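Q: Straight from TrEMBL, here's the annotation block:
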DOMAIN    14-386  domain 'Glycoside hydrolase family 42 N-terminal'
BINDING   Arg111, Asn149  substrate binding site
BINDING   Cys115, Cys155, Cys157, Cys160  Zn(2+) binding site
ACT_SITE  Glu150  active site, proton donor
ACT_SITE  Glu308  active site, nucleophile
DOMAIN    398-606  domain 'Beta-galactosidase trimerisation'
DOMAIN    615-675  domain 'Beta-galactosidase C-terminal'
Amino acid sequence: MNLPVSSSTPFGGDYSPEQWPQDVWKEDYRLFDTARIDTVTLGVFTWAQTQPAEELYDFTVLDGIVAEAEAHGRRICLATGTGAHPAWMARAHPEVTRTDFEGRRHRYGQRHNSCPSSPVFRRLSAEVAGRIAERYADRPAVIAWHVGNEYGGACYCERCTAGFRGWLRERYGTLEALNTAWNTAFWSHTFYDWDEIEAPSALTEHWRGPDHTAFQGITLDYLRFMSDAMLANFRDEKAAIRRFSAGTPVTTNFMGMYRPLDYHRWAPHLDFASWDNYPPEDGSPAWMGLSHDLMRGLKDGQPFWLMEQAPTTTACRDVNPVKRPGVMRLWSWQAVAHGADAVLYFQMRASRGASEKYFGAVINHAGRDDTRVFREVASLGAELERFGGVALGARTPARTALLFDWDSWWALEMSDGPSRLVRYQQVVLGYYRALWEAGVDVDVVPVTADLSGYDVVVAPVLHMLKGDLAARLEAVARRGGSVLATYLSGRVDESDNAFLADVPGPLAPLMGVRVDEWDARGPDFANPVRLGEGPQGLVAEARLLFELVQPRGAEVIGTYQADFYAGTPAVTRNSFGAGHGWYVAAGLDQAGVGWVVRQVLDTHGIAGRYPGLPGLETAARVAPDGTRLLFLLNHAAEPVEVPAEAGGLDLLTGERIEPGRPFGLDAYGVRVLREDD
Ligand code: GLA
Ligand code: ZN
């Protein structure tokens, strides 16, 4: 099963009428009409209302909310509401609350607060999901099921510990295999009974928070187990829904680059992917592009839903700026450009009280339809309506893949040595940014993805190398492709044990290098790296991590300029089959990363569209009927002039763009060209 069937981009989002008296609902729908909001996500936090006591279900409120949406002809994304459990449940069954990393059993409070291993929680959450499905499954307005909300966090209670032991038995079969995988001969850790195994926490293996562990293998497996335990919660509810609803797709809202959950392990169990886009302070378009592409990669390139974004300000940060005029529209189109087939907000009407009362909403506390935010939402609604369904189901025609791997992320960031300063997301983002700045479409894919269709595969900090990946990367190069890998790659196997081989382990033949030593320095130290020669060359700076490379067949592309390893290679290129393995041995600055990435792209004639216009993003999608869409997104606060490459029709303005003739893009402006054949 795939995305909800639709003939236009669903537009709307989280709506919580349960917080309001009914006369407000009428007014809401009047405003939704004005803004052309056609889709509402209902019931995300209604468990306490739907089930006021263990033996009592009361659908009065949810019935009313669903009926009101139906009466106004809206499409409904209906939630199971299990992202926060009711207070009575925690009182009657203290086991449903979580135990934190420090070992404190929590009492009732907050949300995303349930122990994933609690049999009571698992039973009651599946039951309420089933009841909701049973009641509303045959309503045509319900186009999607929204299970839970933003799964995440972790629990360290005795039930989770028991669950962990069971998970380990299944993974390893014997204690002997487990002892080998965890290298327990170190520090006298040999386990003789499964019940000796503890959850890795502040009370056991950890010493300075979740990233500082004595046994990476144990902590890594606990992260995998916790991800699977929450996935089991999702699957409980999905199975309960499926008993009553055979054909309506099920999702849960992800959070992009969210470290605690391995979304690649989750993805096969969702009918379609969806995520909540709350970019960090800088709101960097490359960060959002990477996140969108990662989410699109979850289901093999199928479009996803933008389940939440803020119409303007957030509330959860220390400082919460408003989105500048035009920015919300720009970011919405950016999501569509990267594969979103729905544009949804959190939230429709601002809560009156509690922690999100200042979180930006389509309708503010005064209920006005003449605020800047409301007007921008309404005009985007009108624009999406005119745009229609032309992009629905459209695919991204990428020739470049970037590998993203939660195991590598976890292993790298909990490693003692060589440097705590090397952060997975930052390195990956640096390489993605270089591709983004080059104007290249990228598929961000798991390490298990089929790589046979790509000319270029970029694999930043591929710390853990699993399965047959090295062979599949070699195959990319052998048939003429390029593989770009970096420092701290090919270091450990899936149990986080070092390869008993020269670094970069299984990648060494492809990269044609050998690394015996690596230097780590503080953020203030930079070693200049000379890249290439003559006017095409560049002197970049490298920081944090410096591997000392001995070429074993590779040619030297860049060299360190300082310290005792001055003159030795920092960047190499190895001929392999008809293609190449590129190795970047140091933490190059963005200019350096950009230089290397351009060399690789040039080899394959993969040209970005407008590399001279740094704030201008381009993204392509090809619709199922072959229609080619080119999205042009100006992230700069000034207008730009763009020379048209191909001719086409701007679907947002109806304007014809002639090939070769320059056209303008406003500050934060967007154009969507249907390219001529
Ligand atoms: C998350 C949640 C929403 C809401 C928003 C805004 O994405 O899913 O319920 O809390 O953030 O903070
Ligand atoms: Zn637990």
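Heads up, residue numbers simply count up from 1 along the chain you see.
Including glycine, each Cβ sits where the backbone N, Cα and C put it.
Unlike curated records, TrEMBL annotations are generated automatically.
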Q: Would you kindly give the Cα-Cα distance separating Cys155 (Zn(2+) binding site) and Glu308 (active site, nucleophile), rounded to the nearest Å?
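A: Glu308 (active site, nucleophile) and Cys155 (Zn(2+) binding site) have their Cα atoms 26 Å apart.
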Q: Taking the recorded positions Arg111, Cys115, Asn149, Glu150, Cys155, Glu308, which residues show a Cβ-atom distance to ligand 1 below 6 Å?
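A: Near the molecule: Asn149, Glu150, Glu308.
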Q: Of the binding-site residues Arg111, Cys115, Cys157, Cys160, which one sits closest to Glu150 (active site, proton donor) when you measure Cα to Cα?
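A: Comparing Cα positions, the candidate nearest Glu150 (active site, proton donor) turns out to be Arg111.
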Q: Determine, using Cα-Cα distances only, which of these binding-site residues is closest to Arg111 (substrate binding site): Cys155, Cys157, Cys160.
A: Cys155
Q: Output: those recorded positions from Cys115, Cys157, Glu308 whose CB lies less than 6 Å from an atom of ligand 2, in sequence order; none if no residue fits.
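A: What lies within reach of ligand 2, judged by Cβ under 6 Å, is Cys115, Cys157.
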Q: Over the span of the domain 'Beta-galactosidase C-terminal' (615-675), count residues by DSSP class, listing helix, strand and coil in order.
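A: Its residues divide into 0 helix, 33 strand, 28 coil.
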Q: If you count CB neighbours within 10 Å, which one among the recorded positions Arg111, Cys115, Cys157, Cys160, Glu308 has the smallest count?
A: Arg111
Q: Would you identify the secondary structure of the residue listed as 'active site, nucleophile' according to DSSP, in three states?
A: strand
Q: What's the CA-CA gap between Cys115 (Zn(2+) binding site) and Asn149 (substrate binding site) in angstrom, rounded?
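A: For Cys115 (Zn(2+) binding site) versus Asn149 (substrate binding site), the Cα atoms are 14 Å apart.
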Q: Other than Cys115, Cys155, Cys157, Cys160, which residues of the chain come within 8 Å of the Zn(2+) site, judged by Cβ distance to the Cβ centroid of those residues?
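A: Along the chain, the qualifying residues are Arg98, Thr99, Pro116, Ser117, Ser118, Tyr156, Glu158, Arg159, Thr161, Gly163.
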Q: Which residues does Cys155 (Zn(2+) binding site) neighbour through Cβ under 8 Å, counting only same-chain ones at least six apart?
A: Arg98, Thr99, Asp100, Cys115, Pro116, Ser117, Met226, Ala229
Q: For a quick check of packing: other C-beta atoms within 10 Å of the C-beta of Asn149 (substrate binding site), how many?
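A: For Asn149 (substrate binding site), the 10 Å Cβ neighbour count is 23.
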Q: Roughly how many Å separate the Cα of Cys157 (Zn(2+) binding site) from that of Asn149 (substrate binding site), to the nearest whole number?
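A: Rounded to the nearest whole number, the Cα-Cα distance is 22 Å.
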